[in-house]
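A.B. asks: Questions regarding the structure given below will be posed in turn.
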Amino acid sequence: MRILKSHPLLRLANSYIIDSPQPSNISYLWNFGSLLAFCLVIQIITGVTLAMHYNPSVLEAFNSVEHIMRDVNNGWLIRYLHANTASAFFFIVYLHMGRGLYYGSYRAPRTLVWTLGVIIFILMIVTAFLGYVLPYGQMSLWGATVITNLMSAIPWIGQDIVEFLWGGFSVNNATLNRFFALHFVLPFVLAALALMHLIALHDSAGSGNPLGVSGNFDRLPFAPYFIFKDLITIFLFILGLSIFVFFAPNILGDSENYVVANPMQTPPAIVPEWYLLPFYAILRSIPNKLLGVIAMFAAIVILLVMPFTDLGRSRGIQFRPLSKIAYYFFIANFLILMKLGAKHVESPFIEFGQISTVLYFSHFVIIVPLVSLIENTLVDLHLHNTLSLKNVF
């Protein structure tokens, strides 16, 4: 074990994954980080393998994907692993963010960790969108056309930006080439950002815990206790992912994407992948194109205001009943937005979308600070009454 403490590289690994002291009371909700790292490794390995057989051209992109599925040894497995792990990646990220919101992981001294996490999330969305375009089925082509066209909402220079992104006057070879190049390189940028996320956590105060208090009173080394704990969820994740990959590989996809891209025929409904539906619903709920685009981006960036709008005195909401109610309303509203994103743009879905959008933004800028102030006032009143009773007796 001495070499782990003396060798410069091994000493670094030792401080992060062997001797790193963790609060003894952290639950399985703190296992999402290791699961996300595992997902990223799967995505990079399967993605690089798929890139060896993919041809980023308008004429051959769809055929090269079919070639991977039919002719490459275990190509179907690699592709389905890549597609379904992408969904699992976002699902676990949403759970990870939900846990962060519940337990106040955004509060000082972990504000930098939260900020880096939001940047990682934005980059994940960009990477997922670029990858969705590559198979060049109907949904790929029209999804790329619709989403890149959002840039045209920018006054004066919008259309020029769209044509710059396309490399022409419509989605063409240049578009697929640049999307492929970016989709290939961004996961490595994600890996670097994930490392920065980990360093920021390590150098601030380490992991939080379910009580929201300092974990310095009782800590355990990462190995073997938390390595074993992480392995349990990793093996459960492999089991769950295998069920999707082997028994229902296309359940989260769109059948329209098995039709070769046709610029002359628009699909009945242009719908993104399920994990982007809430933001798509926010985009569509605002009639003005520019305001819709701003709202969609703001829906992600607004996560950065949480360290400033949460005025509660305790970290997390586990002991704050009013904040708990607001939190669960927010989760329900987010799921409603996800459902509305898959619906046609017609009444009553438009009206429901507008109500849900207002509630979504209200949670961050109105509900959280207001509920925090009410709870602080109730605590102060209770303390005042307690002190008054003590003085009486």
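Glycine residues also receive a Cβ, built from the backbone N, Cα and C atoms like all the rest.
According to Swiss-Prot:
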TRANSMEM  32-52  transmembrane segment
TRANSMEM  76-98  transmembrane segment
BINDING   HIS82, HIS183  heme b b562 binding site
BINDING   HIS96, HIS197  heme b b566 binding site
TRANSMEM  113-133  transmembrane segment
TRANSMEM  179-199  transmembrane segment
BINDING   HIS202  ubiquinone binding site
TRANSMEM  226-246  transmembrane segment
TRANSMEM  290-310  transmembrane segment
TRANSMEM  322-342  transmembrane segment
TRANSMEM  349-369  transmembrane segment
A.B. asks: Can the transmembrane segment (290-310) be said to touch the transmembrane segment (113-133) if we require at least 3 CB pairs below 8 Å and skip pairs under 6 apart in sequence?
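C.D. replies: Contact confirmed: at least 3 Cβ pairs fall under 8 Å.
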A.B. asks: Counting only CB pairs under 8 A, let me know which of 32-52, 226-246, 349-369 has the most with the transmembrane segment (322-342).
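C.D. replies: When the Cβ pairs under 8 Å are tallied, 349-369 comes out ahead.
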A.B. asks: Of the listed stretches (32-52, 76-98, 179-199, 226-246, 349-369), which one yields the highest count of Cβ-Cβ distances below 8 Å with the transmembrane segment (113-133)?
C.D. replies: 179-199
A.B. asks: When the Cα of HIS96 (heme b b566 binding site) is compared with the Cα of each of the binding-site residues HIS82, HIS183, HIS202, which one is closest?
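C.D. replies: It is HIS202, whose Cα lies nearest.
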A.B. asks: Taking the Cβ of each of the binding-site residues and counting other Cβ atoms inside 10 Å, which one has the highest number: HIS82, HIS202?
C.D. replies: HIS82
A.B. asks: Are the transmembrane segment (349-369) and the transmembrane segment (76-98) close enough that 3 or more Cβ pairs fall under 8 Å, when only pairs 6 or more apart in sequence count?
C.D. replies: no
A.B. asks: Using DSSP reduced to three states, classify HIS183 (heme b b562 binding site) as helix, strand or coil.
C.D. replies: helix
A.B. asks: Which sequence-distant residues neighbour the transmembrane segment (32-52)? Criterion: at least 6 residues beyond either end, Cβ under 8 Å.
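C.D. replies: Sequence-distant neighbours of the transmembrane segment (32-52): 68, 78-79, 81-82, 85-86, 88-89, 92-93, 95-96, 99, 180, 183-184, 187-188, 190-191, 194, 198, 230, 233-234, 237.
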A.B. asks: Where does HIS96 (heme b b566 binding site) sit by DSSP, helix, strand or coil?
C.D. replies: helix
A.B. asks: Hey, what's the Cβ neighbour count for HIS197 (heme b b566 binding site) at 10 Å?
C.D. replies: 21
A.B. asks: Determine which residues of the chain contact the transmembrane segment (179-199) at the Cβ level, with the cut-off under 8 Å and only residues 6 or more beyond its ends counted.
C.D. replies: 16, 33, 36-37, 40, 43-44, 47-48, 51, 54, 56, 113, 116-117, 119-120, 123-124, 126-127, 130-131, 133-134, 144
A.B. asks: Long-range same-chain neighbours of HIS183 (heme b b562 binding site), Cβ under 8 Å, sequence gap at least 6?
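C.D. replies: Long-range Cβ contacts: GLY47, THR127, LEU130, GLY131, LEU134.
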